[in-house]
Amino acid sequence: MGTENPGRPTSRPVAPFPVAQTMSPFSSGPVVGSDPSGFRPAPPLNPQSTMPFSSSRPVVGMEASGFRPTGPLVPDTSGFRPPPLTRFNDPSVPPPPTSNAPPPVGPFSRFPTPQLPSTTQPFPQRAPLVGQTPFQPPPGQGLSSPVPLRPQQQIPSVPMGSPPQSVNYTSSNLNVSQLPLDPSFPGSRPNLQPFLPGYARKQSSSDPQVPPVQSPFLANQGGIAPGPPTTSSPFVGHQGGYVPPPPVAAPLGLQSMQHPGSGPPTGSIQGLVEDFNSLSIGSIPGSIETGVDLKVLPRPLDGDVEPKSFAQMYPLNCNSRYLRLTTSAIPSSQSLASRWHLPLGAVVCPLAEAPDGEEVPVINFASTGIIRCRRCRTYVNPYVTFTDAGRKWRCNICSLLNDVPGEYFAHLDATGRRVDLEQRPELTQGSVEFVAPTEYMVRPPMPPLFFFLIDVSISAARSGMIEVVAKTIRSCLDELPGFPRTQIGFATFDSTIHFYNMKSSLTQPQMMVVSDLDDVFVPLPDDLLVNLSESRSVVETFLDSLPSMFQDNVNVESAFGPALKASLMLMSQLGGKLLIFQNTLPSLGVGRLKLRGDDLRVYGTDKEHALRIPEDPFYKQMAAEFTKFQIGVNVYAFSDKYTDIASLGTLAKYSGGQVNYYPSFQSATHGEKLRHELARDLTRETAWEAVMRVRCGKGVRFTSYHGNFMLRSTDLLALPAVDCDKAFAMQLSLEETLLTTQTVYFQVALLYTASCGERRIRVHTAAAPVVQDLGEMYRQADTGAIVTLLSRLAIEKTLSHKLEDARNALQLRIIKALKEYRNLYSVQHRLGGRMIFPESLKFLPLYGLALFKSTPLRGGYSDAALDERCAAGYTMMTLPVKKLLKLLYPSLIRLDEYLLKASALDDHKSIGKRLPLSAESLDARGLYLFDDGFRFIIWFGRVLAPDIAMNLLGPECAAELSKVSLSERDNEMSRKLMKILKKLRESDPSYYHLCHLVRQGEQPREGVLLLTNLVEDHMGGTNGYVEWILQIHRQIDLKTALLILQLSAGYRSLFVVIAGAYEE
């Protein structure tokens, strides 16, 4: 997004999602969003063979309860092999392998524990011997998990993790003979389970074929031993619900595994120490379905948690609020990078607000000039090294040896460090700001300029928007940055365009009307943009009279396009920030738009995405012109009807601006939100006429950029106006097949004009290690940065594909990433019946589900209005990491217990912990606060104590809450609640949290405001958290099973070829 560059036909970024893959990643069963049916597959009539994947139904969806183990097998030394069972009735499932040759055992990324000694790999024994009687368990009792296939004394199965404290036999009456271990399968056999409950498997010729999966079996012979016995299912058959497994040190389900050396060995039960987390997937008692304990599912209840090990490893790096890598371990080769199926890149927020006491130092080299590498133009930073007694320094990016200017020279001490190191912030801190000399300017620094283009049609006047905007601008005049250089101007429009002469010699402004929309011109161009300090009284008079000037306007037309062209003519000399307040669909002159999205037949087709892109190329062309003249555009859209945000938002998208959307705006309800957000837009520190470039070490480069900007060259982002609330995402690729360095360095440089008139360069530098281990990449992964990049890639995909395609591509990447991680440990450990993931990515599946249910991606036509969907997409494309994660997984807090507690008014730490976003967290006797970073929703339980409601709402507590507004009342409980809300708003000032009240059972208000945002529950036919986890787990197991089948079929063909050649 934002990577298009008119006039530059070369170097287009590679699509982040495989475009050619138009099939659904779900090989069977409906995708997310389908309505579950009530069909349940019947259990198999005949006992199942122990032969893997031998079934009368397709492999996918095989019921665990239908598994019937056979009796003991004796190793077959005669070479006799019974023919395979011909029970594959589904043509889409490949036949069973007939060859005994095991797949090659290959080099997985080195597991951090010592490897077991090499063992000889015996041939697998898969089929029962002739005449063998299959084992039948006692009536009413089935197997909850596959039985360990090893000829040894029966030992109890316990989940892997910390050493067991006690051992209980879970199936004392189940005597099953042990079978020889089949070494051709990594770990235990896949626990193939049915798909989502209620999703019947029906294979047809039109079903998409599962794409081939890259083989995880690479060539490394030896060093692999069979894993320990498989774990038993945590769900043991028992009346009354779930029963925990035998007590162990780790909790049920999500088990935090030990790192190497962190605990004593556990003997033959554990075998190898695990370096991952796992989630036990087992059978639900009394059902053929699988399940997982909802209480043990990982949830980000502590918010965004940044990796700490990376900051400790490189203390000289810039703070992560400025630069976050998706993984702090850079792959050493292209082949290793290809196995990292998640985005490889970074999220950059160059002007992020620094906490108190950690301001970015400003450095002025004066006559010395800024110290930079003469080849790659890298700025001096903490990772450069000084040699030759301090006379030369080596660039950390390109390794070039540069001369040290005489004014910058300092001697080196015995350790090779400069003696003045403590007086040089640029050599000790990862973030600095240089004052740029005149050679960094193509023109004198521009003054901060604000131009307001305001819709004054009938809908704008009646909604109260004009009055709120005028009063807010007037209240912020003293706080506009750049005094006394600040410039300001105004224009209004309906069916004509109105300009205002605010020359300082006038006592009141003069209005000039331009009605010729085909040939727009600007009257008195020198007096329409004025210095605020000189024309202050005239500006205040205009703002005081503006609401009454158009209060009786009945004009319903909008000449927005011509007004936009006039604004460009007026601002092109200086640049600045254009703030647009649009209330009516443009209907006159160039850029007129029409209603779209009413034809329901378009949704779900290849034409659907056209509704989410600009209808008229005029707006993209105007955005390019605005960027050329250093003009940033912020769009404020108000309407209860369709206003084509997809087209209007393009102006902000390519000029580094933002879109603020206020549907059905009424000043009495939404006025405070508009007042706060407009005031922040006007008063926050802004970087004017900026450009940004990110430099990388040798062998890597950023290839695609995602956010709101115009790409001026292959790596130069044009940002006419940028601030602390804007973040930019980018994807990294390896230019060389193999990296030869041990560390890769990144440097973000933002050249901009400060409001004070100085030209400055903000520089952020970071280093990251190069690794050869895929497991290390996973351990150093940053979920927040990954989710930010995934969200932007998915939103961009909706602009060229169906919503379903974007969701499927997102899920496919998550499945591939977790499957690749599973392959790392499938040989050393028994993984059957468990979903494993690294500690760093334990929240990734939940954030993926939240993305599925987010406004830009969820459902179809009826799930979100077209303008609302587009506005949410534009907003999410600019959000920093923490803000985005808060939007995807908001906080839910119980308030009534805190309000009843006798505590100090400022004791906000005792409010209570965050709760899972599920209806099960809501108690009808409670009062809850839902906070997604953009609004508050206060939920009143149906049987909440009457005195609480009376204290908070007064006599209106019994009325419909949609007509009640929350205000501070004269009692301690009300004051405590308002202080809580104020504190939360101050902690996140970028958007104003408007407060909505809802009572349990008030429909459809409760459903629209709260229930649809409980991402862990079912919503509109989409999965809940448990079903989502099970679906991902089955897809991972399916891909592993199909991979084994493909490998077996390949070796069978190879055996036939070799045998034929031998006979010849």
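Any Cβ shown, glycine's included, is placed from N, Cα and C.
According to TrEMBL:
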type	residues	note
COMPBIAS	24-39	compositional bias 'Low complexity'
COMPBIAS	47-57	compositional bias 'Polar residues'
COMPBIAS	92-106	compositional bias 'Pro residues'
COMPBIAS	163-178	compositional bias 'Polar residues'
DOMAIN	370-408	domain 'Zinc finger Sec23/Sec24-type'
DOMAIN	445-681	domain 'Sec23/Sec24 trunk'
DOMAIN	687-771	domain 'Sec23/Sec24 beta-sandwich'
DOMAIN	782-885	domain 'Sec23/Sec24 helical'
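Between the domain 'Sec23/Sec24 helical' (782-885) and the stretches 370-408, 445-681, 687-771, it is 445-681 that has the most C-beta pairs under 8 angstroms. Within the domain 'Sec23/Sec24 helical' (782-885), the DSSP-based counts of helix, strand and coil residues read 69 helix, 4 strand, 31 coil. Note on the domain 'Zinc finger Sec23/Sec24-type' (370-408): its mean pLDDT in the predicted model is 95. In the domain 'Zinc finger Sec23/Sec24-type' (370-408), the DSSP tally of helix, strand and coil residues is 6 helix, 11 strand, 22 coil.
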